[in-house]
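Asker: Submitted below is the structure of interest, expressed as C-alpha cells.
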Amino acid sequence: MPDDGTSGTTTQSAFQVDLRGVVELLSHHLYSGPRVYVREVVQNAVDAVTVRGARDDRPALLLVPADVSDDGRLHAMDSGVGLDEDDVRTFLATIGRSSKRDELGLARSDLLGRFGIGLLSCFMVTDAIEVVSRRGDRADEPPVRWVGEADGTYRLQPWAGNEQADDERAGWLGAGPGTCVALAPRRGSEHLLSSPSVVELARHYGAYLPHRVVVRTPDGDVEVSDRTPPWRETDPERRRDACVRLAEAELGGTPFHVLPIRVPEAGLDGVAVIAGQRSSSARHGRHRVHLKGMLLSDQVPDLVPEWAFFVRCAVDAELLRPTADREGLVEDDLLEHVRTSIGEQVRAWLVRLAATQPHRLREFLSLHDTAVKALALHDDELLRIVLPLLPFETNQGVTTLPQLLATTDVVRVTQSIDDFRQVGAVLAAQGVAVVNGGYTFDLALVHRLVDVRPDAVVERVTPTDVEGHVRFVGEERAREVASALDEVRAVLDAVQVDVELRSYAPATLPALLVEDDAAQDRREVRAVAAEVDDAWGALLGAFDDGGSDRPRLLLNDANPTVRRVLALDDATLRGLAAETLYGRALLAAPRRLRPADSALLDRSFNALLDRAVATATPATETPATDPEGTTR
Ligand SMILES: Nc1ncnc2c1ncn2[C@@H]1O[C@H](COP(=O)(O)OP(=O)(O)OP(=O)(O)O)[C@@H](O)[C@H]1O
C-alpha cells in the first residue's frame, strides 16, 4: 500500500446525492423565472430537429397549450431525432448528461444545449414531466414513455398510447420520429401554460429561429418563428425601418443611429443602436443576444466595451457560448474578441461621421460627450478627430480648443472646479482665458492637445498663479492705509489668516483667499509634529523652513467697498467688515469651513445685519415685545 500518511484500509466512495435537492436547486434557483421553461422546451426541439437533419411535413415543433389540449396539459411535439430506451436512460434520466457534446466533452457548435439540465426548468411549472419519444431507426418498436417526478424519481416503459387513435401523439409519432413532452400545470402556473402566454413566450424566444414553430390557439394555429431579423432584411428601405422599430422597442426612444455590425469569427451579425438620449454609465447597457436564432436574453451584459455605454446591441451569433442559467455569455476569448471588434466598429463609425458629417458628430458629442472623451483618451486617431470638436468650459464661455488657440498661444487649464471658480473671474478680467479642467477627463484631454497640435502650449493654473496678475499697491497708498490694515490683520489673526492689500481687476471682486501647496504642507507637518512625541517632533521640525502656513486674504484696493472699509473711522465696524470680506472669500475658495470660520461668519453677519437694521429703523419705532408678551 502506498504510504499516504494514513493507516488502516482506504475506501473510495461516490458522493451521495439527494435528488430532490438537486432538482429543486437547478429548476428553481438557476433560472431567472418560470417563463424560461418555454425557451428550454423549444431549444430541445430545435436541437433534436438539427440532429435529425431531415424534414417532413410536420412543423419542427407544435405547441398545444393546456387550455386547448384534450387532457388539460401542455404538449410540445417535435419532429426531431427522437430517443430510444437507452437514450432516455443515458441522457434524459441522467442529470448533467447531454447528447450535445462530442467525445471530448466539447459542446457541439451546431446545437444550443450543452449542460444536460435544461429540461429540469419544467419543474418550475409542473410536478411531472412526461416524455414520449420514438427514434427514426426504431420504427418497428413502440415509442418509449418516461415520466420524471420533481422528487428525482422516474418511470420508464414502452408507451401503450401508441394504439389510442384519440391521442394526438400517436398520430404525430406515426408520421415520423420525434418527441412529445407533456406538462400538467402545477397550481398557480396555469396561466404560463395557456395559449396567450405560450404564444407570447414562444414568439419572444423563437421568432428568429430558422425552423417552423407553431402554437395551437382557440383561434387556430399561429406560426411564431421563421421571422427575418431586421438586420437581415435585404431591401435597404425595409431594413432601415425594421431596425429603427427594433431600436425603438429596445430603447424606448428614437435612436441616434442604427449601425450594422458583424463579427465573422463568432458567426455574429446584428445592429448596434446608438442611443438618441443621454445615457449614463450607471445604467450600463444590456443587450439582446440570440444564439442560432434563439433568444438567449435581452438583458445580456458586457457585449460591448465599457466606454460604449451609449450602445445597445441586438445580435445573433453562432459560436458564442451561453452560461448554464442562459442569462449571459461565457467570458472566454471569443467573447473578448467580439467585444473588441464591436468597439472597433463603433469607433470606425465615429471616425466616418467626423469625416463626412461633422455636424452630426457635434450632435452626437452633445449627447454622449463623456463616453467619447473616455474613448479618445485611449485612442490616438479618435483623439485627433474629436478633440478639436469637443466643447470645453472656459472663463470666457464654452469653446473648442482650436477657437481658444486662435486667441492665445498658451492654453491655461485648472485642475479642479474649485480652482476654476477662484481664478476664473480674476483672469477673465485680465483677458486671460482659462479652461475648467475639473470635469471628468477634461484636464487629461487638454494636456493631450500637444499630441494633436504640437505647437500648442498647455499650462496648469492654480490660485497661487493669480498672484502674477494682481498688483501690489503703491508705497504712498500703503502708508495711507497702514494702520487700518494692521487692525484688519489683528482681527483675522484670530482665524490664522494673513492679509495683504493688492489691486486687481475685476473691481467687483473685493477679496481673494489663496493658499499655495507649500503653506498647506507646512500646516499639515506642524499639526503632526504637535501630536507626536518629542523625538519625532524634533525630526519633523528639522524639515520645517519656518515659512507661513496660513492662507492669504488678498484685499482688492480697486474695490470701492474695500476702500470704504479701510477709510472707516469706526474700528469696530471695520473689524466686522474685515470678517465678512474674509467669510465671502472663504465661501468661494476650495476650503472646508473650520468651526472657528463658521463662528466668525455667524457673528459678523449678525452684527452687520443688526447695524444695518439699526441705521434703517424709523424714528417711530414699534415697541418690541419680550418673550412673555409684555410690552417694554
Ligand atoms: N425533444 C428532445 N428530443 C430529443 N432528445 C431530447 C429532447 N429533449 C431532451 N433530449 C435529450 O435529453 C438531454 C438532456 O436535455 P436537457 O434539456 O436537460 O439538456 P441539454 O439540452 O442537453 O443541455 P442544456 O442544459 O444546455 O439545455 C439532451 O442532451 C438530449 O439528449
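Here the Cβ of each residue, glycine as well, is placed from N, Cα and C on the backbone.
TrEMBL annotations: computationally assigned, not manually curated.
According to TrEMBL, the protein has these features:
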- E40, N44, D78, T179: ATP binding site (BINDING)
Asker: Around the Cβ of N44 (ATP binding site), how many other Cβ atoms lie within 10 Å? Please give the count over every shown protein chain.
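Answerer: N44 (ATP binding site): 24 neighbouring Cβ atoms within 10 Å.
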Asker: What does DSSP assign D78 (ATP binding site), in three states?
Answerer: strand
Asker: Please find which two of E40, N44, D78, T179 have the most distant C-alpha atoms, given that the record lists them as binding ATP, and give only that distance in angstrom, rounded to a whole number.
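Answerer: Spelled out: the longest distance between any two Cα atoms in E40, N44, D78, T179 is 14 Å.
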Asker: Highest CB neighbour count within 10 A among the binding-site residues E40, D78?
Answerer: D78
Asker: Starting from the ATP site formed by E40, N44, D78, T179, give every other residue of that chain whose CB sits within 8 Å of the mean position of their CB atoms, in sequence order.
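Answerer: So the extra residues in range turn out to be V41, V42, Q43, A45, V46, D47, A48, L61, A76, G80, L119, V181.
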Asker: Output, ordered by sequence, the same-chain residues six or more apart from T179 (ATP binding site) with a CB under 8 Å from its CB, or 'none'.
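Answerer: Once residues fewer than 6 apart are set aside, T179 (ATP binding site) is near N44, A45, A48, M77, D78, G80, G82, L83, V131, V132, S133, R134.
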